[in-house]
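Student: Quick one: structure below, then a few questions.
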């Protein structure tokens, strides 16, 4: 009973908002086009050293290991080594082989984020050896906190796993070692429960959530204060594979044949307002799946979530690392738990935002009150 109470308080205390800063927000004004990854998949093998696809943010120094890949090392509380892609995907698949940084208060992140602050996350807490957190945000909304989940994974700080985000106009999947652990279905809602649907940049990084100058809720969520007597804290990103669906769902004939830029044609933040360009001209072959990605004006407490059973997320990555389950696989019976912690993400390439992954965080207002009391009462 005490454990359940403590867990509930920790979850409720972790209600921190998404990153809410962007250099140019297309919801408010005309913004430059996003550069597109386009039809050619990108493979970044950090065991081979530095790769120019990712920009290294100010204050970040990386080293490279021929077996472990890019080393994101933290030695003091002010460090937050971060890289961000200088191109975006308009739906697609991002697959990362990584080993999370170890240590209380240390957070490892894989984040997709758009100019209008749609966001999709994986986050690992350095002393949580049995699970990873998933989350998503629509237009930077910080008023609803029911979107996060915890998903099981074995020894994420000691073993490499392959983590995948597959994002289409119809659904969003979080995948571990080829096993779908969570599926979010686009039901056409708007507002805080809206579906992420605009071109996104990819960001990788580690940061210190357990700092003595952070809000108490952030420190609790991050596993406590970081002990820098145990530094350096090292996270390893070995390989990143990126496929841009160019407005489609990844099947032959969906989306555009090619893309060099994505243009925001209005201030709606809807997928059907994004125009695919090739060398500055509209791609006439574009076949974006607008019927399934366009949001409506319906309102509801939350977007429909379907979680697929994880089966413990095997500790050994599969050969492909991103296989999709068969049609016979059932949903709605997963082991993930709601109420994952904050998405303290921010920094992006110059065309978006410029800080490390934890900039713009710490918006913890601890809106617990009656809501927390009701939550605790329901679980006790």
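In case you wondered, yes, glycine gets a Cβ from its N, Cα and C as well.
Okay, these came from TrEMBL:
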type	residues	note
ACT_SITE	119	active site, nucleophile
ACT_SITE	123	active site, proton donor
COMPBIAS	277-287	compositional bias 'Basic and acidic residues'
COMPBIAS	288-332	compositional bias 'Low complexity'
COMPBIAS	342-351	compositional bias 'Low complexity'
COMPBIAS	352-361	compositional bias 'Polar residues'
DISULFID	24-31	disulfide bond
DOMAIN	44-246	domain 'GH16'
REGION	277-361	region 'Disordered'
SIGNAL	1-18	signal peptide
Student: Taking each of the disulfide-bonded residues 24, 31 in turn and counting other Cβ atoms within 10 Å of its Cβ, which one has the fewest?
Tutor: 24
Student: Can you tell me how many other Cβ atoms are located within 10 Å of the Cβ belonging to residue 123 (active site, proton donor)?
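Tutor: Total other Cβ atoms inside 10 Å, all chains included: 26.
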Student: Given the residue listed as 'active site, proton donor' and residue 24 (disulfide bond), what distance in Å do their CA atoms have, once rounded to a whole number?
Tutor: 25
Student: Please report the Cα separation of residue 31 (disulfide bond) and residue 119 (active site, nucleophile) in Å, rounded to an integer.
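Tutor: About 18 Å separate the Cα atoms of these two residues.
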Student: Expressed to the nearest Å, what is the distance separating residue 24 (disulfide bond) and residue 119 (active site, nucleophile) at their Cα atoms?
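Tutor: Answer for this pair: 16 Å between alpha carbons.
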